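Annotated features, as they stand in TrEMBL:
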ACT_SITE  A:E434  active site, proton acceptor
BINDING   A:T152, A:G191  FAD binding site
DOMAIN    A:20-146  domain 'Acyl-coenzyme A oxidase N-terminal'
DOMAIN    A:149-258  domain 'Acyl-CoA oxidase/dehydrogenase middle'
DOMAIN    A:288-449  domain 'Acyl-CoA oxidase C-alpha1'
DOMAIN    A:484-666  domain 'Acyl-CoA oxidase C-terminal'
Number of protein chains: 2
Amino acid sequence: MPALEVNPDLQKERNTATFDPQEFSIFWAGGVEKYKEKKALEKLFLEDPALMDKLPTSYMSHKELYEDSLRKACLIGEKIRKLRADGEDGVDTYAALLGGSLGAALLKEGNPMSLHYVMFVPTIMGQGTMEQQVEWLPKAWDCEIIGTYAQTELGHGTFLRGLETRADYDASTQEFVINTPTMTAYKWWPGGLGHTANYAVVVAQLYTKGEFRGLAPFIVQLRHMETHQPMPGIDIGDIGTKLSMKGVNNGYLGLKNVRVPLNHMLMKNQQVLPDGTYVAPKNSVLTYGTMMFVRCVLIRDTAHSLAKASTIATRYSAVRRQSPIDPKEPEPQIMDHTTQQLKVFPQISKAIVFKIAGDTIWNMYNVLSGELEQGNLERLPEMHALACCLKAICSADASAGVEICRLSCGGHGFMDCSNFPAIYGMTTAVCTYEGENTVMLLQTARYLVKVYGQALAGEKLVPTVAYINEAIKLKQFVNFDCTLESIVKAFQFVAANKTRVAYEQIEMRRRQGHSTEVAANLSGIFLTGAADLHGRAFLAQTAYTELTAISKQVSPALADVLKVVLELYLVDACLNRIGDFLRFIEFTDADVTKLEMRLESCLKRLRPNAVALVDSFDLHDRVLDSALGAYDGKVYDHIFESIKKNPLNKEPVNESFHKYLKPFMKAHL
Amino acid sequence: MPALEVNPDLQKERNTATFDPQEFSIFWAGGVEKYKEKKALEKLFLEDPALMDKLPTSYMSHKELYEDSLRKACLIGEKIRKLRADGEDGVDTYAALLGGSLGAALLKEGNPMSLHYVMFVPTIMGQGTMEQQVEWLPKAWDCEIIGTYAQTELGHGTFLRGLETRADYDASTQEFVINTPTMTAYKWWPGGLGHTANYAVVVAQLYTKGEFRGLAPFIVQLRHMETHQPMPGIDIGDIGTKLSMKGVNNGYLGLKNVRVPLNHMLMKNQQVLPDGTYVAPKNSVLTYGTMMFVRCVLIRDTAHSLAKASTIATRYSAVRRQSPIDPKEPEPQIMDHTTQQLKVFPQISKAIVFKIAGDTIWNMYNVLSGELEQGNLERLPEMHALACCLKAICSADASAGVEICRLSCGGHGFMDCSNFPAIYGMTTAVCTYEGENTVMLLQTARYLVKVYGQALAGEKLVPTVAYINEAIKLKQFVNFDCTLESIVKAFQFVAANKTRVAYEQIEMRRRQGHSTEVAANLSGIFLTGAADLHGRAFLAQTAYTELTAISKQVSPALADVLKVVLELYLVDACLNRIGDFLRFIEFTDADVTKLEMRLESCLKRLRPNAVALVDSFDLHDRVLDSALGAYDGKVYDHIFESIKKNPLNKEPVNESFHKYLKPFMKAHL
């Protein structure tokens, strides 16, 4: 590889950094082995010319974009087949590609086959009997069939009991008759459903012997194996363009008297016998496990989004020069403006903390998962409550953080060649899918209010809410001394008090004669506030515990930087919720000023290592895909390269001049 | 017109509203006359089949989108020519179309000719001599030439003295020689510059007799009048796709020894004589006036964005049913969930308050404008400071508000057919253009710190900052009693104290030996915070004063609703800055709880009139352009209509199946 020519301002930042970015890169990747794996996968996929875009997706029409996405998805699938033939574990590789940074780099607007791998195959594995798995999995693994997972409907999402699609068992033919009886019953949103998949797991309300039995999943063939034409009774297509993920081919599906044989209902948990007798499932806890798994993955994804956005903004801030601080001096790197640091650096610290929180809850999930399999459900509600609020907080903060980074790059952040618009689109989507954020917060809050009552009754609470016991004992938080430990403790005290207020609101409304449910609805402002603080207290505690522990295992140089990251994260988090702190803890105006000065001091101390820190996220240039954020910092060169790809610039005069503009200009002459 | 069939849930809302929406519509439009004008323009433009989209822009490639935008821009221009021939004032009509809701409805991704009307023509009017105006304006008004305004460069935006494009006067030929000497000197961003305009006003650093003279504007021909080919020395094209405004044809421009005659420099304010003698401008106050004018318009635009987004979200919230509050009851309208009200209703109140603030500052600007023309500059700094922070606050809050509305519609808000993605793109752009928001806040803050010093020295301050005098006298804010008046006063007290803290920070750093400029940079956190509160205090005061006054002029039924709007706005604004309130004013935990309960009470009281209130914004269905927000509330029907327009759905099997998917699925068999 030829020596890389780097923008001198950026090179200067690298030369003066006080730690070795690679040390943190290895930690970030999860150890030396994973770091090497990551590098190998990047080489294999990101440097394959067949998978490189000639035309940026933003210039394509929606139809072209879909066709190109499918082309690349097939190429990737074929590559993984070869890997598997060479003895590598293909599905794991594919999962890594889809979930991680590689997936977004290869298929920036999403993969029309991803639901096949992340929902269709796992659902058959989780909910199919052994016979069903033997029948369907080989075909699915080999991609002889491409499936998707159809649950959400046009009129129904969060509230599953509201789904309208129904499956009536006809014992005379031993078939289910599946229908979407109304417009709002149409399946809506499944990825790949539009024109890609030929099979789906369809979730429907099950009726046997004329009685309602609850939801059940059915394997339904959507399209002919050879012609790909929709099967009889199937009305299917693409739902149209979206804020992002335009290549995913999200689809709609209407079913009219579609008949599937008895053994197409996935029957591991519940059964229908040939005569229509229904055998109910033993417990439905397992699906909670799957939801938690997905939310843990999403928390990691939000960290990744922030890492990307803050890398781009930081490198650009080192290269861009603007507006003298001292009118006698030349224009400085914009990173020297305190207001610029205030935008970008907290996003770096959040990327790191969200990643660590993601790893922590991932480990907790794995422990829980083992317990669940042994029938031990004790920690499930606690973990569910935690995963819900963290999914909401991390996705909301990451989305806001990406936009702050974009705006920090001025007009250039608005150009698609910055990649910010695409990163935002992917990040903000997480606020809605896999549990809408407000619904998530309310689920957490319901748990908090419940355990608050238990704590009042003298019960000792489980670890992640034990701070509520302490706060009830403490009553008042004294001696807030601005140490990091004190901020963490204060976060917990504030969180406990937000839960107290929510609890009191519900109790008050119950005393006024409202049912618990109505009281909870009326207290929505208080409930979501409590859940928000619960998650933030966990993030503060985790950041403190984990970053302190990590600092002891790394070089003193890196440890020093991580200490600043931790301090910045905590001080910024505290100031962002300062209203809650002041509400429950004695603070003077001067204390707040001191905290704000401390924030500025953190920014100043992070300044010399900001570039090295984002370098250590080790994001491949194709992952960043940004003219503003490339490793070489040659921002303006890359922007110039981008305009050469613009199809409008292929001709000096666009035909619309002759067709529209010239006649208009001359019309009145 | 046939009776409109309306979704019954939405109709029920309209039937039970307690006021007449049209009464507020007329106020909103600016009186009966303007209301009628608006309706007439809408009929003329929005109901013209030639200007309706067959294919939604989101399905087009960037190139197709540009060509279609230019087609429509020419049609609109032609229509206005006809109006003018019929005795209507065409340019005013065009300006109304561009600035208001009509423009966005007709050209959703922006108009490639807008800079011709809003910058090229006005610049010649404002900066050209009488001779120059006589020469250029008729051609420009008749669209024989299409111009743009080229100031910002690839490497330079905010800091005008940093611009690199230079114009050297050559007295031997009486010409200027214009060059963009580096890559970063390329003009970047001007609308229509890419392939549309054939002329531009180019801003360059002027050199005559070898000496630097400052910035000057030059009329430069970009393209051949007949062939539209770029003129010699002109390197020109489109800068590429963006987060929004993809039809605007923002361009880049390099100039290499481009010669323009002496009389192509606009010389109303400064002159170059034939021998190269430079005559400096008398004062540069006039350009301040233009910037203020634009920012006043932008404040109104942000109100309009919020009106659109909150209309869509409110109607959808009335139609969509989801998640029972009481498990025994059916799924309610989601508008009955308190958390949904908490998202959407504050955006309605902000739309109204921003609109009123926009009108107020518009009136102040008109007074100022008259004063400026008479050489009275007294109120300029005050007004400049106010316009800057309001532009920043309103654009930031409106952008956030649009996203809250989008997210409140769940997955459906993510679809382009909701129109939220486009509304967000247009709204967030305002955060960056015409003065980047942080730069705006710092300009306001500089003024605040200055007048704070004057107030400390005993000076009586001008009206919009007079609250600082009071706060210094008052020292402590006592008897905060939660009345609306008290919230307004408290906002001012808090704002004054934020300015005090910023002032003290700068003074402290100066005492530590920093220059004022460096001290200001280090105090960025404090300065932007002070400017933010200054703007919010103005908004609170204006909302209170104006809405109270309006309430006295309207029917009691409407007055009652506006009182709730005002209360909701103020309580929400206060809770959003509760940290600042608690910092400077004595408040107990119970006081905050009371405010939060009051917020909930405002939401509950607004609930019955929410639909009528957004109806009264009177936004044409084409302006909303949203399947979720149409007046008839037939959300699901409109979504179904939208999928029929999707080009992917024209064929049951996409050709990519045969090209890529089938070979992949069968490859290993």
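Using N, Cα and C of the backbone, Cβ positions are placed for all residues, glycine too.
The shown structure was predicted, so the numbers you read here are calculated from the model rather than taken from an experiment.
Using DSSP to sort the residues of the domain 'Acyl-coenzyme A oxidase N-terminal' (A:20-146) gives these counts of helix, strand and coil: 96 helix, 0 strand, 31 coil. Neighbour count (other Cβ atoms within 10 Å of the Cβ, all protein chains): 24 for A:G191 (FAD binding site). Break the domain 'Acyl-CoA oxidase/dehydrogenase middle' (A:149-258) down by DSSP state and the numbers are 6 helix, 51 strand, 53 coil. Note: the Cα of A:G191 (FAD binding site) and the Cα of the residue listed as 'active site, proton acceptor' are spaced 13 Å from each other. The average pLDDT computed for the domain 'Acyl-CoA oxidase C-terminal' (A:484-666) is 97. In this structure the alpha carbons, written CA, of A:T152 (FAD binding site) and A:E434 (active site, proton acceptor) are 11 Å apart. Around the Cβ of A:T152 (FAD binding site), a 10 Å sphere holds 20 further Cβ atoms from the protein chains shown.
The Cβ neighbour count for A:E434 (active site, proton acceptor), using a 10 Å radius and every protein chain shown, is 14.
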